[in-house]
Amino acid sequence: MSEAVGILILQLFLQLMLISRPLFQTCICLERYMAVVHPTLFIRLKPLRYRLGFCLFDWLLILLDFIFPAFGLSITVSACYFIAKSLLFLTILSYCGIRVLLILKQPGPSNRSENWNTMKRKAFKVIIITLMFNSTTQLLQTLVLGPTVLSASLLVILQLTLFALSISIISSVITPLVYLHRAGKLPCIKF
């Protein structure tokens, strides 16, 4: 009985780390996309109201995602579902990040010169770093963990899951460190 509870807790933790975190990161990326690519629409929307609505929608999806394994689906169906979600997150993150980078590369309406101002350069660096770590994490989950679940033994699945989880945890720490550095709270790190 206690082993089944331990496996259930492990599954819930993995669902939280491998699906919920990318879902919220996708929403953050969509918000940045709207702010940079469609600024007038972003300003017209009530930021707090629409953020609250997206957060509630995300938590509803996460709860439904926790309930999904209770239907007793096979490992193959669960793995395909996991791969599809990871590919969806990767597609949205990549598209929004690349569009924001392309918009930041363009000169603003007031300065037609090729000189970038400091804020654009910092934002460009932060988005590149965030996009790189998020894409790497999603690609790792999709390409390594997904097909392994379909064909490997339980020990290999657990080892690769722990590896993917450690990469996911490391990449989730990088973004706050970049933010703190950008705010000037980490003067020891230069990039």
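Easy rule for this one: first residue shown is 1, then count along the chain.
Heads up, the Cβ atoms here are built off N, Cα and C, so glycines get one too.
The domain 'G-protein coupled receptors family 1 profile' annotation in TrEMBL covers 1-179.
Feature annotation from TrEMBL assigns transmembrane segment to 6-24 (among others).
Look at TrEMBL and you will find 52-75 (among others) tagged as transmembrane segment.
Marked as transmembrane segment by TrEMBL: 81-102 (among others).
Taken from TrEMBL, the feature transmembrane segment covers 123-144 (among others). The list of residues near the transmembrane segment (123-144) in space but at least 6 beyond its ends in sequence, with Cβ under 8 angstroms from a Cβ of it, reads 18, 22, 25, 29, 32, 82-83, 86-87, 89-90, 93-94, 97-98, 100-101, 104-105, 116, 160, 163-164, 167-168, 171, 174-175, 178-179, 182, 191.
Here TrEMBL flags 156-180 (among others) as transmembrane segment.
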Sequence-remote partners of the transmembrane segment (81-102) [C-beta within less than 8 Å, at least six residues beyond its ends]: 18-19, 22-23, 25-26, 29-30, 32-33, 36-37, 68, 73, 124, 127-128, 130-131, 134-135, 138-139, 141-142, 145-147, 149
Mean of pLDDT values spanning the domain 'G-protein coupled receptors family 1 profile' (1-179): 77
